[in-house]
Each structure stands twice: as structure tokens, then as C-alpha cells.
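For 1-5, the entry in Swiss-Prot reads topological domain 'Cytoplasmic'. Here Swiss-Prot flags 6-26 as transmembrane segment, drawing on sequence analysis. Annotated topological domain 'Lumenal' per Swiss-Prot: 27-364, in sequence order, evidence recorded as sequence analysis. Feature annotation from Swiss-Prot assigns N-linked glycosylation site to N102, N247, N255; the stated evidence is sequence analysis.
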Amino acid sequence: MRRVHITVILLAAVIFLLVLHHNILGLSDILKRQNSDTGPLVFQRLESLPDAPDIGPEHGHGEEIAVVIPGVEERLGGLIATINSISSNTKSNVVFYIITTNDTKKHISSWLDGTDLKRVAYKLLTFDARVLDGKVRVDAGAEPVKPMTFARFYLPSLLPGAKKVIYLDDDVIVQDDIVQLYNTPISPGHAAAFSEDCDSVTSKFPVRGGANQYNYIGFLDYKKERIRSLGIKANTCSFNPGVFVANLTEWRRQNITRQLEKWMELDVTEELYSKSLSGNIAAPPLLIVFYRLYSNINPLWHVRHLGSSTGKRYSPQFVKAAKLLHWNGHFKPWGRTSSFPEIWEKWFLPDPSGQFSLIRRHAE
């Protein structure tokens, strides 16, 4: 009798195990079906990563690199060469913001759109010269003041959504990736980075005309009490405002534009600028407002004074190695004579409308 009970118990156990095994197999099938439904969605997402488009700056995407350049009618050849040199040496997402006047916009657009530069991204910004009323002194017999010279003072209002920009004069050629200049470190509390005039690159050579254009005394009249009261030593190294990187967030916070306007207005009534000032009349207020409050640009990213004479102030090897060349001064590379015109001219694109043409000595 006991053996029968044991046999029954064993049979029951076997049946239980068979049922359990069947249920486990069923559950396994269900799980497999569920995995087969959801699996491809998961793994497809992973497998697609290597084929996803690269959106890094080297492919023209990513963070916008805002480059601001003035567009003046009689100097548009310079603007075109600057844009061409930048766009040809970078794959970054560069957008050109061209500050100009209403009567020049059509000419700029037709030139850009009618050449290989139709590929570049650009926006035309209108500068209203009326903001300068009462802020610019006009001396008798002096050359008329060009309003566009002061457009750089108003970058936050011209580009209200921008946080960081590069400003370049139109007599500049860039020979390397502009993103390197854009990535110039700007210290906390500084609204801009400039290139000092006393750096080892530029201070070796004299500047044509005027006083010492490497120090504040070359820009400000130290006979005036208001200038002396600033406590700025006359031999303090100056900087060149033709190339700079601006932190517009900090610029707005410090209200730099209003500070610049204040010194412009004071110059109108008190004549605070140096009488021997040669060149950029926008420099004095910038030098005052940014005194000891700016970061430094790598000197190779602003090799300047190429327009101060027609001679070769730098060796061809050095000019070739420079990241950025600046023909500031009287002798522009699109003019009759200048230094290293062949370097500039390789980036120049002829005007499809024929309104702008190069002036060359051999053309006489």
C-alpha cells in the first residue's frame, strides 16, 4: 500500500514538472516575441550612429561663428577679399554680418551672389549714422569723417541676439581657420580681446607719420587735465581696434557703448585726442574705456601696419606664416601701390557689375 502511495506521488511530481516545463517554454516564446518586436528599435538606433551626419563645426554646422565687417562703397573690394579668404580657409559655421548703408546693400548682394561667394552665409545690417550726431568733432580742413568707422561701437544693438563676435576691418586677409581667432580666451570681466601694439611682432617697425602709435600718448592729448586725471601713463601700450573678439554679453552688462559715446561727446567740446593722431579716430575712446580691461589676441592673428608704407616691413616668410594680415594705413592693397599686393589679390574676386576695379601702377 505504501508503494502505491509513493508511485502516485512520483507520478504527480512528474506531471507537475511536465506542466511547469511547458509553461516555461510558453513564457520563453512570449519573451522572444516581445524581444523580436522591440529589439530592432533599440539596436537600429545604435547601429545608425556611425552613419549619422557629423554636425561638428568642421562640416559647416555647430556653433555660429559671427564675423562682423564694415561694407563701404569705395572699399567693397576689400570686403570681398576678406570674406573670400575667411570662407576658403574654414569649414566652420561662419556667418558674415556686413554693416553698411542702404545705398550700398544692392551692390554688395550682387557682388556676393554673382561670384563663388554665393555659397557663404551673410546678413546685411544697416548702420544709421544719425546716432553719431553731436559725438564726432569735425576739424576745419580735415578729411570728412567716415561714419562707418564708429559702427563697431554699436555691435550689441546691431546684433541683438549675438553673444560673441569677431570684428574685422575690411583691409584684412585671413590665412588660417577663423575659428582659432574666435576661440581666443576672454577673461571674466573683459568685454573684448585686442592685439597689443607693443608685442614683439609689430613694435620692431616704425609707423609712418604721427607720434608714437604704440603708446597712449600717440592717441590722447596729455596736455588736457581730463586726460591726465585718468591716471594712464603716457607710455602705456596701446592696442589696435581693427581686429578684435567681443563678448557682447559682457559688453552689454558694462554698457560699453554708452561709455564710448561719453568720451566722443567730451572730445567734441574739449578736444581730447592727440593732435598728431594718424589713422583710426575710433581708437582714442576705445583705449580709454578698455584701459586694463581687455584680453590679448595671439600676435600672429593680427600682423598689421602693412599699409603704413609701400616697402616690405616684414619678410615674405613671416608674412606667409601669419594667421591674419592687416593693411591698416594709407597704402591699401587695392590701391596704386602697397606692400605684398599679390597676397591680397589672390583672394580678390572681380566685381561682376564693373563698378569697382583695382588701381594698379602698370595700368597707367
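Note: Cβ is positioned from N, Cα and C throughout, glycine not excepted.
Local packing around the glycosylation sites N247, N255 was summarised as the count of other Cβ atoms within 10 Å of each Cβ; on this measure the leading residue is N247. Listed in sequence order, T126 are the same-chain residues at least 6 apart in sequence whose CB falls under 8 Å from the CB of N102 (N-linked glycosylation site). For the topological domain 'Lumenal' (27-364), the model's pLDDT averages out at 87. For N247 (N-linked glycosylation site) paired with N255 (N-linked glycosylation site), the C-alpha to C-alpha distance reads 12 Å.
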